[in-house]
Amino acid sequence: MFKGSIPALVTPFTAAGSVDADSFVAHVEWQIKEGSHGLVPVGTTGESPTLSHDEHKKVVELCVEASARRVPVIAGAGSNNTIEAIELAQHAEKAGADAILVVTPYYNKPTQKGLFAHFAAIAESVKLPIVIYNIPGRSVVDMSVETMAALAKAHPTIVGVKDATGRIERVSEQRMACGKAFVQLSGEDATALGFNAHGGVGCISVTANVAPRLCAEFQEATLAGNYAKALELQDKLMPLHKAIFLEPGVCGAKYALNRLGRMSFTVRSPLLSALEPATASAIDAALRHAGLMN
């Protein structure tokens, strides 16, 4: 159910800084039209840390309504507060999301037993499939393969992981520990090719915000075993993967989307709605390299 190119959607804002519902709905529609295989609203790229709870919930509702069951919606529902994560998960279920993406608790650095308890409590509170988001670079805690396997065994609704550890061997380790049916989605665009070769089935992608058709075609090629085609597309996309992350990814993605005429380049503080000139030039060059801009 969850595979292929799944953009971690940006959340457009108006010039005044409020959520731009019309632009968000248009972005969802474009993503589906261009071939994206799923959608993730209110993840890190959706600026969830600086959305209010009401805004967070509204964006999930907008995404579910706009997508109209054409592709699965995996709603962000993470928090370092278990009670808060349960509330967001229950809202996503009520709103009609197909699954939830739950990040490992950040800042408070729980033990592996604490991680197990956190995810178990969420799994017991909703019937939705849960995708673990393991990103030690941001959360400063790394869910071990053993903890992940124990969760998958104890709670069948914990169906997969978005892996942003940067350790490609983890895909094989998790496949052996959690089983072949456990859904593994890359959390890093640049390494998605190798990730899928190790047994992954897709990518929750930042770049797909900007190049949805290319990212969808890339994923389809890898999943079909057509690595010659996948490499050709990887070569087109790699400069964009790299350039977008020269500064915080959402800033790079929104700048690129603005250059393509799709939305304003407005982010919330402490992020800045401006890029260093060298970053902007690199993104422009990458857009041209990918054939997205003249």
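Placed from the backbone N, Cα and C atoms, the Cβ positions cover glycine too.
Feature list (source: Swiss-Prot):
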| type | residues | note |
| --- | --- | --- |
| SITE | Thr44 | site 'Part of a proton relay during catalysis' |
| BINDING | Thr45, Ile204 | pyruvate binding site |
| SITE | Tyr107 | site 'Part of a proton relay during catalysis' |
| ACT_SITE | Tyr133 | active site, proton donor/acceptor |
| ACT_SITE | Lys162 | active site, schiff-base intermediate with substrate |
Spatial neighbours of the residue listed as 'active site, schiff-base intermediate with substrate', counting only the recorded positions Thr44, Thr45, Tyr107, Tyr133 and Cα distances within 10 Å: Tyr133
Residue among recorded positions Tyr107, Tyr133 with least C-beta crowding, 10 angstrom cut-off: Tyr107
From recorded positions Thr45, Tyr107, Ile204, the one whose Cα lies nearest Tyr133 (active site, proton donor/acceptor): Ile204
Length of the line joining the Cα atoms of Tyr107 (site 'Part of a proton relay during catalysis') and Thr44 (site 'Part of a proton relay during catalysis'), in Å: 15
Rounded Cα-Cα span from Ile204 (pyruvate binding site) to Thr44 (site 'Part of a proton relay during catalysis'), Å: 11
